[in-house]
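Asker: So TrEMBL lists the following for this protein:
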type	residues	note
TRANSMEM	27-50	transmembrane segment
TRANSMEM	62-86	transmembrane segment
TRANSMEM	106-125	transmembrane segment
TRANSMEM	137-155	transmembrane segment
TRANSMEM	184-210	transmembrane segment
TRANSMEM	222-240	transmembrane segment
TRANSMEM	252-270	transmembrane segment
TRANSMEM	277-297	transmembrane segment
TRANSMEM	312-333	transmembrane segment
TRANSMEM	354-377	transmembrane segment
Amino acid sequence: MLSGQLADGFTTIFVGELIDRFGHFKLWHAGGSILVAISFSSVFGSCVPCKLTGTVSSTLETVGYSTFASIFNVGWAVTQVAHMSMVNCMTSNPTSRVALVSCRNAFTMVANLSLYGIALLIFSLLQSVSVIVQYRWIAYVSIALGSCFVVVFLIGTKEPGLSQHCQNKSLSRISWTHWFKKVLYYQVALLYMFTRLATNVSQALLAFYVINDLEMHQSSKALVPAIIYVCSLIVSVILQETRWSSWRLKNYFSAGAMLWILSGVGIVVLPSRMHNFMYALSVTIGVANALMTVTSISMEGILVGQDLNGCAFVYGSLSFVDKVSCGLALYILESYQGSTNTRKNQELASGYSVTRLGLGLVPAACSLVSAIIAYTMDLPDTRRRPLVEPLLA
């Protein structure tokens with residue numbers, strides 16, 4: 001996971017610079033999607049170096065899976081930066097930009113929920129085969145379905161670089177130093193990093209928490225995330241039709257951060273005998289994730305403003321900070337978690353497990369710091385302009 005996150009982080013910077021220099025968002029998106037499809041199938045396949053050498057060892061397995069995980073994350077970085085950069089080039093209306101980000105986040109939740117549907121179908125149809133084979137089929141079906149949507153996207157979407165909002169030839173390409181001189185750049189970078197830390201760390205540790213700490217039924221490790229995704233989807237859809245201003249962005253983000261802080265405290269103190277309250281916490285976590293994710297990415301759009309010839313670098317560099325920090329945080333947390341075998345041994349001197357503290361305190365602390373940063377930010381004033389065409393009309 002760490003090797004993949006580091007590869008993703010470093011790739012985003014160079015991809016952002018190349019996209020700003022040469023354009024062609026759809027071409028970059030298509031290339032990244034191909035890398036994702038090839039490498040993802042290899043991650044869930046067998047150990048390629050072991051097959052080539054005819055030997056099986058933990059070292060070869062680590063090298064093989066880390067290599068394909070890195071290739072996957074490189075492809076994902078290319079796809080992500082190209083897709084996120086398209087938003088600013090499709091419209092200059094701040095409200096429309098937030099609506100597009102909300103729509104993007106909503107369909108991310110749809111994709112996550114669709115994966116549960118695919119898994120349920122595979123587990124029902126292939127009950128007689130091993131779990132490894134089942135997960136390979138889940139991966140292959142997901143790749144095939146995702147590739148179909150990528151083709152639809154590439155065929156049905158016009159290249160934003162051809163629009164009047166982007167690629168203004170009268171403007172020279174914006175250098176990196178232009179962004180480094182802005183205080184707002186560092187504020188948005190920190191805010192986005194802490195937001196991603198809160199969401200990614202919680203996603204990684206959630207299944208361990210509900211099973212090991214709360215001793216819930218095995219089905220809960222699918223049901224709890226599903227509730228989170230559904231709530232995030234609903235909130236993202238609602239946010240699409242909101243008229244936005246800089247003041248409202250900051251307030252909505254702070255509201256999401258406060259919800260995460262309350263959820264984090266609940267996670268730390270929740271006893272296993274009251275584990276059903278985790279379903280209520282899932283609702284607040286889902287709402288908090290949507291509010292923080294949509295508004296933090298929208299603040300990136302406000303940072304870019306009309307400087308469209310450097311927007312891909314902004315998204316790439318901020319993704320670099322996100323990926324490296326998340327990779328290191330998960331590596332540290334999971335190394336502590338993996339060093340023990342039982343729940344009793346995982347408990348620290350405080351009486352709480354690494355999983356409980358990691359899931360409760362890390363996202364809550366990140367939310368608190370990001371809320372403070374949001375309060376100190378001086379975002380440029382944006383008029384509350386409505387959508388030219390309501391997205392849900």
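Every residue number used here counts from 1 along the chain in the order it is shown.
Any Cβ shown, glycine's included, is placed from N, Cα and C.
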Asker: What else in the chain is close to the transmembrane segment (137-155), if you only count residues 6 or more beyond its ends and a Cβ gap under 8 Å?
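Answerer: Long-range Cβ neighbours of the transmembrane segment (137-155): 26, 29-30, 33, 37, 40-41, 43-44, 111, 114-115, 118-119, 122, 126.
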Asker: Which residues, given as numbers and ranges, are at least 6 beyond the ends of the transmembrane segment (252-270) yet have a Cβ under 8 Å from it?
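Answerer: Beyond its ends, the transmembrane segment (252-270) has Cβ neighbours at 191, 198, 209, 214, 239, 277-278, 281, 284-285, 287-292, 294-296, 299, 352, 356-357, 359-361, 363-368, 370-371, 374-375.
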Asker: Give the one range among 106-125, 184-210, 277-297, 312-333, 354-377 whose Cβ atoms make the most pairs under 8 Å with those of the transmembrane segment (222-240).
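Answerer: Top-ranked stretch among 106-125, 184-210, 277-297, 312-333, 354-377: 277-297.
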Asker: In terms of Cβ proximity under 8 Å, which residues at least six beyond the ends of the transmembrane segment (27-50) contact it?
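Answerer: Same-chain contacts beyond the ends: 15, 18-19, 56-57, 60-61, 63-65, 67-69, 71-72, 74-83, 135-136, 138-140, 142-143, 146-147, 150, 153-154.
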Asker: If you count Cβ pairs under 8 Å, which stretch among 106-125, 184-210, 277-297 touches the transmembrane segment (312-333) the most?
Answerer: 184-210
Asker: Six or more residues beyond either end and a Cβ under 8 Å away: which residues meet both conditions relative to the transmembrane segment (106-125)?
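Answerer: Result: 134, 137-138, 141-142, 145-146, 222, 225-226, 229-230, 232-233, 236-237, 240, 290.
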Asker: Give residue numbers and ranges for long-range contacts of the transmembrane segment (277-297): same chain, 6 or more residues beyond its ends, CB-CB under 8 A.
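Answerer: Distal contacts: 84, 98, 101-102, 105, 109, 188, 191-192, 195, 198-199, 202, 210, 214, 216, 220, 223-225, 227-233, 235-236, 239, 249-250, 252-253, 255-257, 259-260, 262-263, 266-267, 270, 367, 370.
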